[in-house]
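Trainee: If you scroll down you'll find the structure; I have some questions about it.
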């Protein structure tokens, strides 16, 4: 790594060219509390870097979010999505490729995912997996404490200083083998971090999460044999990927790191992005680590984007499986596209949790996991996700049996020819039932209640539910009321019926929940979303102010 640039008078001397610290830090404020631990990740140098990122990119970010609104207006008129005519030459050119896999990312057959609390970080790194996706996004409720302490926990884990004691129990990193490669998932472009403002505006959650993790750990990770690797969620166009690529280039230049050291795996979890997979890899090509099938968010996005279109009404969530025509088409296209470009095609999440007190139910659940992973490896995926360490062995057994190589990019899937009609084929057999409505209400309420307490993933019915599954639940409820469907039992799903069932479920959950639970507050927000009228772009944006605890300003100049 080159350090042949001029120093700045800052302690690290890592920036190319002189910086007027006072000028950069003017109008930069931290509104969350800091202590000795958090100041080691959010110090003056890191804050300067965040301010630079914000000023360089926030205008573009906001313009891209506005593009989403315009596109939604087109879809609301009944227009459909298609492959972009203006980027046809990128799709049809066989010559270009993504970057070859980076150190620690050649074999990523089993990835465990989870939030960044200290216990989870230790348990995930101790699991028998190849990588750990440390999540600042969907499985994390973005309280200031969660976000800033998550950065501290990853900083310590990278340096193998994360061991701690909780009561009598000790949590220690394994020393008997190489630990899984760390990949951090930043928040999506739509979320803000209200506890850090620049020029009177909150910084983007994406830039905050990326910036702190990169600035504090990039060189350390490279020195330890891997690198600064990221998962990039919720994108809706190749222009949003271009923005990430620009961020990566500026960040690497800023610290004097070789361009292409950062790698980003993009979650294809929105229906517009499915039509731009080639273009997304192309924009990130020197930094691309492939694409991932974010299955629950994808179903949410299909309903959300086509919510006004009666042709897109789906049955109960349990009927919308990976073999549904639109899901099957998306998976096949993703694998073909990735392998044609020489990058990883990652599979989806197994959200099951072992059922400890019922052997028969547990066997059935684990058989389901095995079948799902078998479908993925046979389709050509290079790896897959699990939410619980106990599932890692099942997934590894399937992948090790059917994928003896580090990945299967040689499986080119030239037999696959997916059209726009295939991606939009909503011919999904199944019914809409009262039980399905109640399950959706339970999942939505359960997740939102946890989120309001600062917990971003909640076990419900032996499944780990996060923002994505809650979004499917509320979007289906909205859609069913909006289009006046009838249940299999013959009941018309209207506003009154939806609200009646919502309050029944909320009252039952409140009664059976622990003292001081927040089910009624969750219901208050949820009822605005299940009547076929108002529709928030994201539940997380709707609830965010409830968990922000904006305190006194700490001017960054005083750090």
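In case you wondered, yes, glycine gets a Cβ from its N, Cα and C as well.
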Trainee: Out of 1-21, 22-42, let me know the one TrEMBL marks region 'Disordered'.
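Mentor: Per TrEMBL, the stretch marked region 'Disordered' is 1-21.
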Trainee: For residue 185 (active site, proton acceptor) and residue 466 (active site, proton donor), what Cα-Cα distance in Å is obtained after rounding to a whole number?
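Mentor: Answer for this pair: 14 Å between alpha carbons.
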Trainee: Name the residue among the active-site residues 185, 466 whose Cβ has the smallest number of other Cβ atoms within 10 Å.
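Mentor: So among 185, 466, the active-site residues given, the one with the fewest Cβ atoms within 10 Å is 185.
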Trainee: Using DSSP, what's the helix, strand and coil tally for the domain 'Malate synthase C-terminal' (431-547)?
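Mentor: Here the numbers are 70 helix, 8 strand, 39 coil.
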